[in-house]
Amino acid sequence: MPKVRTKDLIEQFQLELISGEEGIHRPIDTSDLSRPGIEMAGFFTYYPADRVQLLGKTELTFFDTLTSDQKQERMKALCTEETPCIIVTRNQDVPDELLQASRESGMPLLRSSQTTTRLSSRLTNYLEGKLAPTTAVHGVLVDIYGVGVLITGQSGVGKSETALELVKRGHRLVADDSVEIRQEDEDMLVGSSPDLIEHLLEIRGLGIINVMTLFGAGAVRNYKRITLVINLEIWDQKKNYDRLGLDEEKMKIIDTELTKITLPVRPGRNLAVIIEVAAMNFRLKRMGVNAAQQFSERLMSAIELGNQE
């Protein structure tokens, strides 16, 4: 099912529908836009018919210089069955040839009061957000000191309970149980909650609680960029866990690699505090302060001095 249709653009940007009402359910599959200037000159070899077409002052001024036959020919070629729509900007008058071609092909012809550049920028941002690659991950997403932390792990390991403790400590819940993730840009993942379970947290033995109702609007967020993954797992005595912090794991979601930290879970460990510190330490590393690396360098210096003596 298409994520975006022409009617969505009409509603989102308050566009005026001139003709082609029967085509407003046409799908839009790309965020790229087209300003068919070279096509106005008659070159349709590489015409991107599947894109939203924008006709600004430049295109329509050139169009006025064409002969009557050329005008009809160019507009018929522009209005194809796969073209989502043509938008005339700046509230300019719609050429009769374009109106006729739109009616014959059933392609939506729209008009906007905005400038071409302004509308193009807004359309691109909207379409990139809607058409971005998406996936869903089982886990909890929390905003901790401005760091979007995705907490993962097997069912029953204590993800929701840890999230509840983090919320009580002043951090903000984004999503529990199912995190919808979309890649809005290269190396940029944004997580949010499905509408059905937004602001809800499930605690075994307690049931479902509404975090916003209990703790206020400051305890929740609608979406957050994900920069750190913390995986909770039951403590395995046979497994060697990182004790210095020099080894950095990675986890790939869609096309983006994120820093991953594995935290072993056992009675007596305050996971909320550990995750808080992990988020703060992650911020420090991004600022160029790496405590583990500094310790390693001091240790190597001490060893070298000891060998010299």
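Just so it is clear, glycine is given a Cβ too, placed from its N, Cα and C backbone atoms.
As given in Swiss-Prot:
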ACT_SITE  His138  active site
BINDING   Gly153, Gln154, Ser155, Gly156, Val157, Gly158, Lys159, Ser160  ATP binding site
ACT_SITE  Lys159  active site
BINDING   Ser160, Glu202  Mg(2+) binding site
ACT_SITE  Asp177  active site, proton acceptor
ACT_SITE  Arg243  active site
REGION    264-269  region 'Important for the catalytic mechanism of dephosphorylation'
Of Gly153, Gly156 (the binding-site residues), the residue whose Cβ has the fewest other Cβ atoms within 10 Å: Gly156
ATP site, defined by Gly153, Gln154, Ser155, Gly156, Val157, Gly158, Lys159, Ser160: further same-chain residues with Cβ within 8 Å of the Cβ centre: Leu232
Of His138, Asp177, Glu202, i.e. the recorded positions, those within 10 Å of Val157 (ATP binding site) when Cα atoms are compared: none
Counts by DSSP class (helix H/G/I, strand E/B, coil) across the region 'Important for the catalytic mechanism of dephosphorylation' (264-269): 0 helix, 2 strand, 4 coil
His138 (active site) versus Lys159 (ATP binding site) - Cα distance in angstrom: 10
Among His138, Lys159, the most crowded of the recorded positions [Cβ within 10 Å]: Lys159
Residue pair the residue listed as 'active site, proton acceptor', His138 (active site) - Cα distance, angstrom, rounded: 6
Cα within 10 Å of Glu202 (Mg(2+) binding site) - qualifying recorded positions among His138, Ser155, Gly158, Ser160: Ser160
Cβ neighbour count (within 10 Å, all chains shown) around Ser160 (ATP binding site): 21
Secondary-structure category, per DSSP, in which Glu202 (Mg(2+) binding site) falls: strand
Secondary structure at Ser160 (ATP binding site), reduced by DSSP to three states: helix
